[in-house]
Amino acid sequence: MCMKISKTPVFLIGSICFVIVLVALCGITLINNINLSNIIRLNEKVASDSVMSGNDNQVHAEYDYVNHHHPKNINRFEQSTFNTNDSKNFKTPTTTSRLLTSSLSPAGETRNAAQIRHEMSSLNSDGSYGDTVSNNWQTDKFLANDRNVNTLLVHEVIAVNSSSSQSLNKMLNVTNNVDRRNNVSIIASQCYPIIDKTISMIDYTRRDRIVKMMEHAWHNYKLYAWGKNELRPLTQRGHIGSIFGASDLGATIIDGLDTLYIMGLETEYKEGRDWIERKFTLDNVSAELSVFETNIRFIGGLLTMYAFTGDAMYKEKAQQVADKLLPAFQTPTGIPHSLINPKTGMSKNYGWASGSSSILSEFGTLHLEFSYLSDITGNPLYRERVQTIRQILKEIEKPKGLYPNFLNPKTGKWGQLHMSLGALGDSFYEYLLKAWLQSGQADEEARQMFDDAMLAIISHMVRTSRNGLTYVSDLKFERLEHKMDHLACFAGGIFALAANTRQSENTEKFMEIGKGITNTCHESYIRSSTRLGPEAFRFGEAAEARALKSSEKYYILRPETVESYFVLWRLTHDQKYRDWGWDVVLALEKHCRTTHGYSGIKNVYQEVPQKDDVQQSFFLAETLKYLYLLFSDDSLLPLDEWVFNTEAHPLPIKGANVYYRPALSVSGDATNAS
């Protein structure tokens, strides 16, 4: 008789083996997860900003740069042409040595409608975009003629010229069967391809070096000061002594974002955009913020990104910030106070400012941002606020035609008679010229005020040194100081831009002074041991274009001199401006670069200067941007389509740039407010 064998032990053994295998697999997975978490922890602060929102499943497809589709990374080609008199007549891009031939149809033929639809398949029926950015976003674009608005295709750019407003109208009337409101809505949401349309004037070697500098500055900020306002590179922590205090407002993120975008640093750009969307707000900030600095850095930076991308988030954030500043305008004259508490709405002026006066360069440097904000939101309030300032300044009596630096917001009268094209005055004059440019040269009032002010400054403040250096002196109580601030070095570019944009009896004089001031600022650089310019420099028996006081010898990564190099290069193509700019790059790398970012220095006349341990946000927003553009082609942010705010954030020019993105009126037409 055979013995019966129980199946229980076999089942038990099998179960134990299964459990052992399962535990082993779980252990391996756990170990891998631990290793992965260690890697992730290196970017913990950045990653946390992207996962803490309750709307993580929301798709932000048009801003997804993970697939490396940023327009700056494609091979560059010459701009397509488009006949504004015939919307059906267009040409394919002209090929260059840097063009990917696979991006064109065989034999350079124009792609047909079916091919374009396939390539633009991410375009949804509601006019929004799918999960990835089509490769066609790397080229310029136009609205194809299609009877169905849901299949409008964006592919090539309309050549924007002096008649570009007519081109826009043609776009908006591309067919009688297309709804114009939907048409404009599509335009308003498009990503502007920030690329060189031609490559003839790009200096790749030098420009690539500047991109590396930007990466070094950004990555160290991200590692040691993410969400803080600025980085202290020597001590590897956030800078809480900045003008924005200890609040985590991410000033470097918002200020530097458009520079990242222009340079094609898509991963870094996406990090910054995500932080702004998840974290940036002034709602709970109970601290005194500068109205001026908040406007030029935060509102200006956000408006530029809206112009570039059409991303409504940027517009909404800009409007939220502007609304926080509005209580500062509640004064008897409408001249805003200098400081605002965003949480309480309380505002005031600096006690040291000539009897608590408002400062010319601060309340006079709001016009570009507030006017543009009115146009893209349809809310006239912002323009009304700055227009009130304009009218007061236009009508008030000006001593010798000059604007003193202080104005009492209660009485509407000037404070002490101190005039300057440097600190306390500078950007007011800049915004007069640029408001005229931004308006498509329609704001004649601004241009006339600029010309009158410059002629008065030339007469009373512009002087020539014994050795022929042109400079703009400060004027205090009718006494020239024969001192010029580094901040005033922007004036070289402004005078030249004024000469280039209007022919008049002043044209030659403005250009000569612009070149002269730029040369003087260059001299202030090369006469120092570091070949970087001091905060202020003097002219007289004891010195020429040199600082004399210890409080004037520092350099804090300022951009004004390279700004004028950039403008003069664009207008003259004189190689010396690029050479001077490259000299600044080498000096920055030698004296300001640290292991963990860039720092200002305390004395430009020392061979081995001490560093101040601050990486200013404007170093990313302005200095590196202007240097990058200096070595780019003129077609990258051309000066007849874009105007730079005083923080170097480019804003589109009305009537010359189809991506001005005006709001829609109730009737569906584009807003044409001036």
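Cβ coordinates are placed from backbone N, Cα and C, and glycine is handled just like the others.
These numbers come from a predicted model, not from an experiment.
Here CYS521 is paired by TrEMBL through a disulfide bond, and of CYS489, CYS592 its partner is CYS489. Taking the Cβ of GLU293 (active site, proton donor) as centre and 10 Å as the limit, one finds 20 other Cβ atoms among all the protein chains shown.
Distance from the CA of ASP426 (active site) to the CA of CYS521 (disulfide bond) is 15 Å. Looking only at the recorded positions GLU293, ASP426, GLU535, GLU560, THR646, the one with its C-alpha closest to CYS489 (disulfide bond) is GLU560.
Within its own chain, THR646 (Ca(2+) binding site) has ILE296, THR365, ASP426, SER427, GLU430, TYR431, PHE490 as residues 6 or more apart in sequence whose C-beta sits under 8 angstroms from its own. Neighbour count (other Cβ atoms within 10 Å of the Cβ, all protein chains): 20 for GLU535 (active site, proton donor). Spacing of GLU535 (active site, proton donor) relative to GLU560 (active site) is 11 Å (Cα to Cα, whole number). CYS521 (disulfide bond) counts 28 other C-beta atoms within 10 Å of its own C-beta, drawing on all protein chains shown. Between the C-alpha atoms of GLU293 (active site, proton donor) and GLU560 (active site), the distance comes to 16 Å.
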